[in-house]
Amino acid sequence: MSWLTEYVRPKIRTLLGRRDVPDNLWVQCPACQQMIFARDLEKNQRVCTHCDHHMRGTALERLKWTLDEGYTRIELPKAPQDPLRFRDSKRYTDRLRDAREKTHLDDAIVVAHGTIEGQKAVVAAMAFEFMGGSMGAAVGEGIVAAAQLAVLQKAPFIIFTASGGARMQEAAISLMQMPRTTIATRMVKEAGLPFIVVLTDPTTGGVTASFAMLGDIQIAEPKALIGFAGARVIEDTTREKLPEGFQRAEFLLEHGIVDMVVRRADMRATLSRVIALLTEGVTLPKVESVASLTEAKQPARTADA
């Protein structure tokens, strides 16, 4: 053998050999199984470039995709940490710490105010990446704060839902957030402001049973799972075979549960048009304070006979 085969060729193979490739360069679509370059997926708002499957986005991505540049995130009120001192296979405080380290969020909701194609809006986005987007006291505080901000700014309130339901580690405290958030949405409506809900995959449990179905306009992303209990639980309880596509956005559209199914690429423009239709030429009632909307109306007194 010559020195070319014994020395030079191995050196060339080493130099041209496979380099270490980061694990996050490619993403496999869960629908069509095609591999997508991560950068292309990010540019396409996490929608598959092959089959148009809408993958789940983070709460911060929702704000970025929806609001114009220059929006402002608001600091949300702090909620009590682990008031029940709950522990299952792991302490609740440890679960919160791990979720915060992983997501860099305080809890399963973020709120910001800004504009959508020039239309003023307050936007809240639930974070499924934070303990499955479960609703506890902190999420309730966030929704109430967002509703109050919308009233004070006389801006529409838009919320992107993504949740597995109430947070079991907070027991009855999490269930209390259902009527609490319902009252918050009513406050927005009494101020004459639009409340728009965008249902994303998945929206289930106590979130579906409360504020998520109370929008003046109900929008869903394609093929989003939307429901209360899971399909298997319903089939086991009713002993009936559910129709194909049950609890998916398109099925709900056909049956009048949602008003429209909108692709992510069209969401900004759609929200802007909806806001314009609901607010142009509308005279809003004068609001001196948020509290004035929540005070119970006292019946008029009649004079004694």
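Backbone N, Cα and C define each Cβ position, glycine as well.
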Legend entry - Range annotated as zinc finger in Swiss-Prot, from 29-51, 190-212, 213-235, 259-281: 29-51
Inset, instruction - Note down the number of other Cβ atoms within 10 Å of the Cβ of Cys48 (Zn(2+) binding site), including every protein chain shown. - result: 20
Legend entry - Cβ-Cβ distance under 8 Å to Cys32 (Zn(2+) binding site), same chain, at least six residues away: Cys48, His50, Cys51, His53
Inset, instruction - Ten-angstrom check, please: count other Cβ atoms within 10 Å of the Cβ of Cys51 (Zn(2+) binding site), all chains counted. - result: 11
Inset, instruction - Taking the recorded Zn(2+) site as Cys29, Cys32, Cys48, Cys51, identify the other residues of that chain whose CB atom sits within 8 Å of the mean position of the site's CB atoms, giving them in sequence order. - result: Pro30, Ala31, Gln33, Gln34, Ile36, Thr49, His50, Asp52, His53
